[in-house]
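**Q** Per TrEMBL, domain 'BAAT/Acyl-CoA thioester hydrolase C-terminal' is recorded for 205-411. Annotation comment: TrEMBL describes Ser233, Asp327, His361 as active site, charge relay system.
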Amino acid sequence: MAPSIRLSPAARSLFDEPLAIAVQGLGPRQQVTLRTSLRDETGQLFQASAHYQAGDDGELDLARCPALPGGSFSGLEPMGLLWALQPQKPFWRLVKRDVQSPFLLQLEVFEGHGERPGRLLAQAQHERAFLRDGVRRVPVREGRIRATLFLPPGEDTFPGIIDIHGLGGGLSEHRASLLANHGFATLALAYYQFEDLPQKPNKLHLEYFEEAVNYMLQHPQVKGPGVGLLGFSKGGEVSLAMAAFLKNIMAVASLNSPAAVTLIPLSYKDKTIPILTFYEHRAKATNSKILDYSDVLDDPFQAPGTQSLIPLEKAEAQFLFVVGQDDHIIKSEYYATEVCKLLQAQGKENFQILSYPGTGHCIDPPFFPLYPIGSHPAFHKLAVLGGELRAYSKAQVHAWSQIQAFFKKYL
């Protein structure tokens, strides 16, 4: 019997879902190298490989067989060949622009554990999709809002979430589309550098975000009486400000975000919150000449930074702070801890913190590759984002399930 790869699900799975990988038809205790490859929408290649030894029966099931030292990872890691994917071009990030088409994953089995791949024994292809059958993608151009709404299958009403990304502009749909597969009506909201939105805003107006909240609450398939917000980095900062100033925000999950206004001032009606002062000269160069920006901002919990602090004590929402302990862009663990102390001092208990070791600034849904070094969205220089491969892969899976549980509970 010739070797073959067995996958479950066989042909197609959602990007945030586990994939069971096994090889059958090998020789007893045969040594092989497994390799996965994926090309992004620009053609850039991501790869991972691992060394294995088949069982006495010639079977190799990644759920039961540990990877041997020498590949991208070792140990019992059934999903290692996915979470260990790394770009062949340095400092490149895996991004999904068109969520209506899947990523194509290639799997190959080679003979032996050599530096160079041995003879090709088996290969397979698998689609990693972003939309479950029946999920609808609806472009939204209502009033000033520029967004995409993802609706789960069926005619029911669903808990509504607005997903707000960090600096960098544009419209990012990958997280919202995956959330819709799990039963949430999710609005991926752009707020600058997209279509007719401002290219370089000198102020963010919360009225724009309020319009998005009202759009969701008026939608016949969004279950009221309020909405949830999922914000990453600058988007988390905006989400916290929305909870402090706007009505009908029930739950906010903030991923590695500041507790104060940074880089672009925020205004609502006649109130403007100024930005924290930053000192670019405080960036430290690592031995590889990459910059560490973790100390460039004033401390918002000490004067004069306090005027930039978001007044979260005004908020009625529940808060989930998801923080990476190795975040080198924002001191997100410190911010979350201090904010929760302030809320506690006001007699509030509407918060929880999930803190992950070995996790940097970028917290994506499960199985997105680690992105530890990349271009700083404000300073446009190579920056340490932080994170360590295995710890991050575990954090992604855990945080993603906790975020969903949080929204199910409070929406």
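The backbone N, Cα and C atoms fix where each Cβ goes, glycine too.
All TrEMBL annotations are machine predictions without curation.
Could you place these features in context, so I can see how deep they sit and what lies close by?
**A** Close to Asp327 (active site, charge relay system) in the fold, though at least 6 residues off in sequence, lie Asn256, Ser294, Glu333, Thr359, Gly360, His361, Leu385, Gly386, each with a CB less than 8 Å from its CB.
His361 (active site, charge relay system) is surrounded by 28 other CB atoms, counting those within 10 A of its CB over all protein chains shown.
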**Q** Give me the long-range Cβ neighbours of Ser233 (active site, charge relay system): same chain, 6+ apart, Cβ under 8 Å, in sequence order.
**A** His165, Gly166, Leu167, Leu255, Asn256, Ser257, Ile329, Ile330, His361
**Q** Per-residue pLDDT averaged over the domain 'BAAT/Acyl-CoA thioester hydrolase C-terminal' (205-411) comes to what?
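**A** Average per-residue pLDDT within the domain 'BAAT/Acyl-CoA thioester hydrolase C-terminal' (205-411): 96.
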